[in-house]
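Everything below concerns the one structure shown next.
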Ligand SMILES: CC(=O)SCCNC(=O)CCNC(=O)[C@H](O)C(C)(C)COP(=O)(O)OP(=O)(O)OC[C@H]1O[C@@H](n2cnc3c(N)ncnc32)[C@H](O)[C@@H]1OP(=O)(O)O
Ligand SMILES: O=CC(=O)O
Ligand SMILES: [Mg+2]
């Protein structure tokens, strides 16, 4: 690289057009400072995840924590929301890709969650260019002219920007600090914060984040320490950062209050990240005698998903925090009116349930879904920015309800197996090609939904699931169905690599923690 690199930092990725602006010596020094301060604690917390998983595999049942009872019984609230994060009735999400970011910011949604996580394939180019796109979005200079000559610029009024860095389990292998790859969370957070925090404040906004895949309040506490360190380093007041935590692991559902408490003045709310949550339920109990039915049957209205979302709303409102709903995966179509109508109907029903339950806002995956989500939430909220006054004190959720994964009428079918195989293949191939969110069979698929598909296949094969027609799902039957599904996908780029990855994920005896960990070794 042409510019100086701080002592102890190595850049292994190639120089890109955005490198000099994004990977400046000062920005890299900031990220290296975070890594040196927090890298060891992060590793310790990941080890703790492994220990907890082993205890559950040995039969321990998660419970609300005894030693944090004082938090649950204490009288405290999170800090009031900043003005541009008080009305979150519709939030659009999408990867940090230039055209989509402009479309999302212009979509009419109140918030845009710019995603470096589930929706982004973290190629070196995607993460570095993504930071440049974010920098331009903050300064409102983001624009694009397509090869066909179509111009994209920002409207006068745009959504509030919230950024989702990658989860604690991931590394950014193109940047090393003192001989180790840097934490992807610290890399994504650090670069965004360094380049934009001051600018955002001057513009009347702030550095706002979504925090993914936390498993417990100690991981939230680590984020809180990162925020304090980052704010102190740049001379910004503590409490400038605002973070909304995705409750998208089954263990985090037992520590929702503790997570808000750990983030103290930085806590903004919780989000019901349904897809990773389902994945986590399958994963954490993968070695026990629980068999989940076809993916399409694990809906938001099954008892354990109701218990989790009801508890989330009650917890948030008790503490003055926003409760944000999740992503209905139905994708509208501008080409097929029937698909479009089906998607709008399904999304409307999902948003009606959420707004009726007390959520203050929700996620949508596509600009054409913003109007329906807004309409549904407008009906419930009217002029009010949120419905935090609905305390939902009647909600009582026992640990057993969060852990009772039985689904009345649930079945594993050949169609369900084929669907999981095909989605696993198509999504992994797209991810390897640099796209982290894709529409497959008219549904949004991203890293979280794809995890469900491959973890179900593992579970069905390894726990002896029997299809509704009486056949067990053996490795041989899986191989046969996979060969047929692969043949249907013809010349899809990176298909063979995706098929090899899927085979190893579903056939190996041990359950792989995240599909993106082995897949990342194949990425540019
Ligand atoms: C489990 C979770 O974590 S959920 C959150 C993470 N997942 C996501 O954020 C997924 C977000 N959604 C998407 O990525 C996309 O909607 C997809 C990939 C599912 C479908 O995208 P496409 O196939 O491009 O959809 P389609 O062709 O209908 O797009 C029409 C237009 O809408 C735009 N668009 C579609 N989705 C989005 C979005 N989320 N944000 C902004 N613009 C979007 C397209 O760029 C296109 O714009 P153009 O007309 O200017 O060319
Ligand atoms: O990140 C959201 C989810 O559903 O997973
Ligand atoms: Mg997720």
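The backbone N, Cα and C atoms fix where each Cβ goes, and this holds for glycine too.
Source: prediction; values computed, not measured.
As annotated by TrEMBL, active site, proton acceptor applies to 164. Positions annotated as active site, proton donor by TrEMBL: 446. Annotation comment: TrEMBL describes 7-69 as domain 'Malate synthase N-terminal'. The domain 'Malate synthase TIM barrel' annotation in TrEMBL covers 160-404. The domain 'Malate synthase C-terminal' feature in TrEMBL is assigned to 412-523.
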Give the distance between the Cα atoms of the residue listed as 'active site, proton donor' and residue 164 (active site, proton acceptor), rounded to the nearest whole Å. 14
Radius 10 Å, atoms counted are CB only; among the active-site residues 164, 446, which position scores highest? 446
Under DSSP, is the residue listed as 'active site, proton donor' part of a helix or a strand, or is it coil? coil
